[in-house]
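Written out below as structure tokens is the structure these notes cover.
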């Protein structure tokens, strides 16, 4: 399957124009390549249903949040009608191409929810996916794992492992997430894995001492890119780092550009009451650089360097 590459048009400038107009900055841009990032997000959308989306303000804000992401992993999609996500995509597709992939409804009781991937189908495709086989019933909502292409020669694909823990079993579920990672690697031999979601990994659900002792903290190669102490909650009365992103793999590390929460109430100038109609969580996101070394013919590069010399020596 071909991967989308940032396009670049190369043209040798007229020598006289080059001597007068070129400076070093354009050359550096050419050598470094594009700086566009590929953004992967996770968002606990707080009991997302079709009825919730019929509220115009909720729909408009959700569309703006989703449109920022190349892949979004939604949690707490609780609608069993199969109509919620297609309805949401109708609004999203007005300017770009989107597809989605969802799990079945998961949960031990009458309350169940889905994991849903919404992704830019013009930038990425699903290579494979599976529901983790939780034979020991450790997870309330076992991870729904997906393998995506990426528009990068350095990192052609990445595996996403979402998890929404149940607060009473946070430590047990997060330690079992290491077994999910091993299962992913055994299946696809891909070490570039991003584990993400509402881990409930803070405050009353998980003490700092227990957080430090987690397997994903003590095993080498796992990088928690949302800092401890970063508030991922909307309510002013809480300050908890519930939502997390954990990155593994050399390719992910090489291309890691940024990771952050997205304070959508601040961005969209919402009151706390208005924001809580959408969710009580902020989305969390990681950006992977798409920059790749440009293949510039050596004689073109030499000509460009020579053309710069007069302007630098004047």
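Along the chain as shown, residues are numbered 1 onward.
Just so it is clear, glycine is given a Cβ too, placed from its N, Cα and C backbone atoms.
As recorded in Swiss-Prot:
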type: ACT_SITE; residues: 113; note: active site
type: ACT_SITE; residues: 164; note: active site
type: DISULFID; residues: 203-240; note: disulfide bond
type: CARBOHYD; residues: 102; note: N-linked glycosylation site
type: CARBOHYD; residues: 133; note: N-linked glycosylation site
type: CARBOHYD; residues: 239; note: N-linked glycosylation site
type: SIGNAL; residues: 1-37; note: signal peptide
When you tally the Cβ atoms that lie within 10 Å of each candidate's Cβ, which of the glycosylation sites (102, 133) has the highest tally?
102
Go through 203, 240, the listed disulfide-bonded residues, and name the one with the sparsest Cβ surroundings, counting other Cβ atoms within 10 Å.
203
Row residue 113 (active site), column other C-beta within 10 angstroms, all chains, value 23
For residue 164 (active site), the number of other Cβ atoms found within 10 Å of its own Cβ
24
Residue 203 (disulfide bond) as reference: those recorded positions from 133, 164, 239 with C-alpha within 10 Å of it
239
In chain order, residues whose C-beta lies under 8 angstroms from the C-beta of residue 239 (N-linked glycosylation site), counting only those at least six residues away in the same chain, are 231, 233
Between residue 113 (active site) and residue 102 (N-linked glycosylation site): CA-CA distance (Å):
10
Which of the recorded positions 113, 133, 164 has its Cα closest in space to the Cα of residue 240 (disulfide bond)?
164
Tell me whether residue 102 (N-linked glycosylation site) sits in a helix, a strand or coil according to DSSP.
strand
For residue 203 (disulfide bond): DSSP state (helix, strand, coil)
helix
Between residue 133 (N-linked glycosylation site) and residue 113 (active site), find the distance joining the two CA atoms and give it rounded to the nearest Å.
17
